[in-house]
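Visitor: So that we are looking at the same thing, I have put the structure below in structure tokens.
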Amino acid sequence: MPTEILTIPCREDNYAFAIHDGNRTAVVDAPEAAPIVAALNDRGWGLDEVWITHHHFDHVDGLPGLRDAFPGLTVTGCGADADRLPPLDRAVNDGDSFTFGADEVQVWDVSGHTINHVAFIMPAQKAAFTADSLMALGCGRVFEGTMEQMWGSLKKFLELPNDTTVYSGHEYTMTNGRFALTIEPENTVLRERVLRIEATRAENRPTVPSNLGDEKATNPFLRAHLDAVKQALSMEQSDDAAVFAEIRSRKDDF
């Protein structure tokens, strides 16, 4: 049976993701319990594992309710951040991997939004669970790390295949798209994508997950190394991290 990945809207604009391989189910992040429990029950799935990307409340607050609904589940998160996370059953760090069914799950450090933020990469599924690091047409605000650190984290995703699916943590895509157009107004691929996003949101449908190839072509935060973006910002002589920092600073004020 092929692995299914289900997008579950939570809170006002969060997403959790349920991964079901036919036997076991894992959920990435736990913004709130009720919608996750309802989605799993609707499909007749249990819950065996929860993988936590970072410590922010809107990614962990649902854990107690999930533990109540599914006794015995295993919680995985970053061991280096264990003092800020709910109790972990399995601690992982950058470069570690574990298995889910027949699949390898890689753990990447993608610090910037927070220190010790991790992403979970499933190469065989061509899936990247990025939470608040790489986002659809955006990236997370840099709260704890440095701009250089966040750029270094985002660059890692450039190495993944274009047909990777990006499962990010929030429905921010329409605002992100409007901002992206202020950076690259002549990017026709971007303009077309924003139109599709507006139509999708008009029907109250999620824009997450997204395609990594689309992100590489349209997400300004993934394009800080490109001449076209540097020229648009009159930063042709600047290093990539400085260009990223300028884009992030503009987005913070957008």
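The backbone N, Cα and C atoms fix where each Cβ goes, and this holds for glycine too.
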Visitor: Looking at TrEMBL, which one out of Asp21, Asp94, Asp96, Asp132 binds Zn(2+) 2 in the same site as Asp58, His59, His170?
Guide: Asp132
Visitor: Looking only at C-alpha atoms, tell me how far His56 (Zn(2+) 1 binding site) is from His170 (Zn(2+) 2 binding site), rounded to the nearest Å.
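Guide: With the alpha carbons as reference points, the distance is 13 Å.
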Visitor: Using all protein chains in view, find how many other C-beta atoms are within 10 Å of the C-beta of His54 (Zn(2+) 1 binding site).
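Guide: A 10 Å sphere around the Cβ of His54 (Zn(2+) 1 binding site) contains 28 other Cβ atoms.
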Visitor: Highest CB neighbour count within 10 A among the binding-site residues Asp58, Asp132?
Guide: Asp132
Visitor: On a count of neighbouring CB atoms within 10 A, which of the binding-site residues His56, His59, His113, His170 is highest?
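Guide: Per the Cβ count, the most surrounded site is His59.
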Visitor: Looking only at C-alpha atoms, tell me how far His54 (Zn(2+) 1 binding site) is from His170 (Zn(2+) 2 binding site), rounded to the nearest Å.
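Guide: Cα to Cα, His54 (Zn(2+) 1 binding site) and His170 (Zn(2+) 2 binding site) are separated by 14 Å.
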Visitor: I want the residues beyond His54, His56, His113, Asp132 whose C-beta is within 8 angstroms of the mean position of the Zn(2+) 1 site's C-beta atoms, in chain order.
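Guide: My list of surrounding residues reads Thr53, His55, His59, Thr114, His117, Ala131, Ser133, Gly140, Phe143, Gly169.
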